[in-house]
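Report on one structure; see the data block that follows.
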Amino acid sequence: MAGSKYAYVRNFELPDPLLPGTFLVCRLDGHSFHRFSDEHGFSKPNDERALRVMDAAAQSVMEEYKDILLSFGESDEFSFLLRKSTQLYNRRHAKILTTLTSYFTSCYVFHWPKHFPDTPLRYPPSFDGRIVQYPSAREVRDYFAWRQVDTHINNLYNTTFWALVQQGGQSTTQAHATLKGTFSKQKHEILFSRFGINYNALPEQFKKGSVLVREIVQGKRDKKDSSRDTMAISLVHCDIIGDAFWDARPHLLVE
Ligand SMILES: Nc1nc2c(ncn2[C@@H]2O[C@H](COP(=O)(O)OP(=O)(O)OP(=O)(O)O)[C@@H](O)[C@H]2O)c(=O)[nH]1
Ligand SMILES: [Mg+2]
């Protein structure tokens, strides 16, 4: 079939394949959530309702995209690990990134009312996204360890910061100055001696983020493909994503 004289413009649409045989990590991050959290009255430093909306949206994404084996979330971000051999959308970069970002965003809006029954959305939230390609399991392990360490560092800072402001009566400028150059031990000490807060006793989700992992259901075969095990998504808050985590779940890092 001959194209119209206009059809040549199609040639300007270039292919954008992701490298074959690489692990894909897609990280989404709330756009201007500093403002979004203020406008929707999130509690500081952590709002459990807000974290539950993020977890619910990520779970929906994993239910829709079976090649996502693991996801990790904290604050306004979520990272998704796709299996190395995924053929999702023929590994087209923009197609994967835009559909995951838009599906996550609409799931966030979809799940919002359940967790914020008394707070209607004041405006539509949005998320940005990127895909990083990692050649080996080592980088994937280190990637998730990096995000989880970041959660801990940020949470310790934010918890101490807001204790100084909310309970200690400091201005935000003063609180920043108090914390400047402090090591983590000193922040623990400020929390405990001044405010009676034992950091280690805070909810695991605040300190370690949310891990959603596709686990093998022992002894059960997939209904559609009997050569495969049945997988179920489980939400873990207390796991360290360290060597013991990965070693117990070798299926996450196979081809
Ligand atoms: N109060 C409160 N704020 C939160 C919570 N989770 C995320 N936020 C806000 O979301 C921000 C997330 O950090 P960033 O992603 O660096 O900042 P951002 O405003 O989203 O900016 P961009 O991502 O660059 O668009 C935090 O700085 C907080 O202001 C929460 O549980 N409670
Ligand atoms: Mg953000």
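Keep in mind that glycine also has a Cβ here, set from the backbone N, Cα and C atoms.
For the recorded site, D29 (Mg(2+) 2 binding site), the DSSP three-state label reads strand. Within the same chain, residues at least six positions away from D29 (Mg(2+) 2 binding site) with a Cβ under 8 Å of its Cβ are D76, E77, F127, D128, G129. Taken from TrEMBL, the feature Mg(2+) 2 binding site applies to D29, D76.
The Mg(2+) 1 binding site annotation in TrEMBL covers D29, G30, D76.
Long-range Cβ proximity for H31 (GTP binding site), meaning a same-chain Cβ under 8 A and a gap of 6 or more residues, is found for P125, S126, F127, D128. Marked as GTP binding site by TrEMBL: D29, G30, H31, S32, F33, H34, S75, D76.
Taken from TrEMBL, the feature domain 'tRNAHis guanylyltransferase catalytic' applies to 6-135.
For the domain 'Thg1 C-terminal' (139-241), the DSSP-based tally of helix, strand and coil residues reads 56 helix, 20 strand, 27 coil. Among the features that TrEMBL reports, domain 'Thg1 C-terminal' is placed at 139-241.
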Cβ packing number for G30 (Mg(2+) 1 binding site), 10 Å threshold: 21
Where the C-beta lies under 6 angstroms from ligand 2, the matching binding-site residues among S32, H34, S75: none
Remaining residues near the recorded Mg(2+) 1 site, that is with C-beta within 8 Å of the centroid of the site residues D29, G30, D76: L28, H31, F33, S75, E77, F127, D128
